[in-house]
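Student: Sharing the features that TrEMBL gives for it:
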type	residues	note
DOMAIN	23-520	domain 'K+ potassium transporter integral membrane'
TRANSMEM	60-81	transmembrane segment
TRANSMEM	153-181	transmembrane segment
TRANSMEM	193-211	transmembrane segment
TRANSMEM	223-243	transmembrane segment
TRANSMEM	269-288	transmembrane segment
TRANSMEM	300-320	transmembrane segment
TRANSMEM	345-370	transmembrane segment
TRANSMEM	425-446	transmembrane segment
TRANSMEM	453-475	transmembrane segment
TRANSMEM	481-498	transmembrane segment
DOMAIN	533-781	domain 'K+ potassium transporter C-terminal'
REGION	663-683	region 'Disordered'
Amino acid sequence: MDLESVINRNPIKEESWKTVLTLAYQSLGVVYGDLSTSPLYVYKSTFDEDIQHSETNEEIYGVLSFVFWTLTLIPLLKYVFIVLRADDNGEGGTFALYSLLCRHARVSLLPNTQLADEDLIEYTIDGTVPVNKKNVGSGLKTLLEKHRVLQRVLLVLALIGTCMVIGDGVLTPAISVFSAVSGLELSMSKEQHIYVEVPVACIILLFLFALQHYGTHRVGFLFAPVVLTWLLCISAIGVYNIFHWNPHVYEALSPYYMFKFLKKTQKDGWMSLGGILLCITGSEAMYADLGHFSQLSIKIAFTLLVYPSLILAYMGQAAYLSKHHDIESDYQVGFYVSVPVQLRWPVLVIAILQAVVGSQAVITGTFSIIKQCSALGCFPKVKIVHTSSKIHGQIYIPEINWSLMLLCLAITVGFRDTRRMGNAAGLAVITVMLVTTALMSLVIVLCWHKSIVLAICFIVFFGSIEALYFSASLIKFLEGAWVPIALSLIFLVTMYVWHYGTIKKYEFDVQNKVPINWLLSLGPTLGIVRVKGIGLIHTELVSGIPSIFSHFVTNLPAFHQVLIFLCIKSVPVPHVRPEERFLVGRVGPKEYRLYRCIARYGYRDVHQDDMEFERDLVCSIAEFIRSDTSEYGLGLGNFEEDTKMTVVGTSSSNFEGVRLSEDDVHDHNGDSDPHMEGPSELMEVKKSPERVKKRVRFVVPNSPQIASDTREELHELMEAREAGMAFIMGHSYVRAKSGSSWIKRVVINYGYDFLRRNSRGPTYALSIPHASTLEVGMIYHV
């Protein structure tokens, strides 16, 4: 899967207007599908129970005024003009903000950080201002770094926002599809449509989730046209309704009508804000999907098309309702009643397609954020399938997909009305926005190094607006708002238990590392027979010798001639460039043939497939051997430190380095005479008469001249690669220490153990033949 070039290009720099407009058009189908669906259910949810639609029109004008200013202040002012600027090397979302904070202040609880990570190109290139030590932010940074409790609060805050996004992935498809299908109620009697509406919505949802594993790249080209058609449709209907029913409806845009609305309706009006809040569902997607597009393209699409279309749609509905007070039933306040009769069936079809597109974007976003959580050690390892080799971000997670489908169907069948679905979705949306506001205020101080007064103004202004909506949503706890809280609590406990257990297990590994003196005392053979082949030992440690290695050595009669301690870790950047992928070093003297390789990935990186990763791993070791001139390489270093590492890129990014070539050859003799093809190649001859073998060779640069000991080491690595690779993994049983509190025993012995047993192992080990895999069990007392 060749995604490296797609991922590591920077789509933000030096864009032509043609590219910007193309991206703006494409963003319609991905970013604005959910936000554009809101007119289907905002007025219906608002007028459902809390307030009545009276002859004075004060209620409808007040609601329109609230909708207009909410859309203007939150999506337009907050997200488009402020939050979009807080990108993490072009990426956005809750974890992008948390990642920025982790890099500018040492607040990450992950213990495997290294100074070498700070040398990554994307670690420093994020458009931030150089640090001014006299800035007030330095005091805040020190405060966060000193107190671990504050670091935990920051992590929990980020996780809460993430969990609410996952909850939104359950609720948005339900309310969008159900609201779109509700148009059937105007074509049949009340008694009939209640038996048709729910089954049709469930069939569409089943179809939607069942097609996820095919990916959307085949039909993705239809998404933007569907959303564009929908936006033009609702804006045209809005303009028609304004001029046909009430041309003076624009007066309701004055904030004075919000004051009149609250004064007249009082508590009922405040409770109805939970319905008005739904007009900004999907606004967070502008920031979360930033990595697929660019700031400018998202801004252009929203300000020039999405925002005016939505305003016209809401004004048109208000104009129609202001002249129609003889409401026979609650659904007469819905979207479809304001659509001209001749257009209702075409609009119904477009609305259903629009709801599917909006739901698809939310589901894909849920997959993406769970992948990020897993990469940063906050979610158990799950199977991630990349459904497109060209479109970055098109992923599918089977376990999550079917879980979302069951939850979505349960909510649709259980609630059966948009009011309670709206209450649930509103709370999830506003909670994510509150988390973004809180984290953004820290970014203003710690990353942008602006005045703390500016950060306070930001959080007070936007936080007070969002807190008002949050309180109105929370009061509906028993009427549906409990759903996102329950879902988020389940995911939050899962994430925190996994994160806590992972940290404790790592700390145990660090405390029980094998001293280097023990290794040196064994000698170059490690005290056992060294057989041909490469032994790949998976470890979480970034330095030192894991205790599981001593367990292997003392219990096995033979070991491989080349041993590699492999650590695959995530760093708090969205992408690690291919030329910076590996950190390679030696463990012990040169003649021991022990190496450490740390493969670094960003939280949005695509992990390579097994064969490609294996080739790059061997090439990185070969390139390290060729270019190694350190004291370690000469056997003179201080092995106690074990910190000397060299940055080596993947073979595809390092054209001047060592490259691997493998051929299937038929050998008819058993000779083992080394053969050279030109000065630039090291080759291992064919073996095993009349058998198909894998012939391995390293293609190395012509200069400088390779020393004899380096040539010998490369030759031995070739032999080992040709003999095959065995994967050695520890099967750990994690238990709480004796004397631990009952909470810790429950969390570790039951919670973390259950998640660990049901999570997946390292991605590169999934397709390895069982004969090439060795697992050894160990008990961890943490």
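We count from 1, first residue shown onward.
Cβ coordinates are placed from backbone N, Cα and C, and glycine is handled just like the others.
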Student: Quick one: do the transmembrane segment (345-370) and the transmembrane segment (223-243) have at least 3 Cβ pairs under 8 Å, skipping pairs fewer than 6 apart in sequence?
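Tutor: Output yes: the transmembrane segment (345-370) sits against the transmembrane segment (223-243).
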Student: Is it true that the transmembrane segment (425-446) and the transmembrane segment (153-181) have 3 or more CB pairs under 8 Å, sequence gap of 6 or more?
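Tutor: By the criterion, they touch.
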Student: Can you tell me which of 193-211, 223-243, 453-475 gets the most C-beta pairs within less than 8 Å of the transmembrane segment (153-181)?
Tutor: 193-211
Student: Average the pLDDT scores across the domain 'K+ potassium transporter C-terminal' (533-781) and report the rounded value.
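Tutor: 71, rounded to a whole number.
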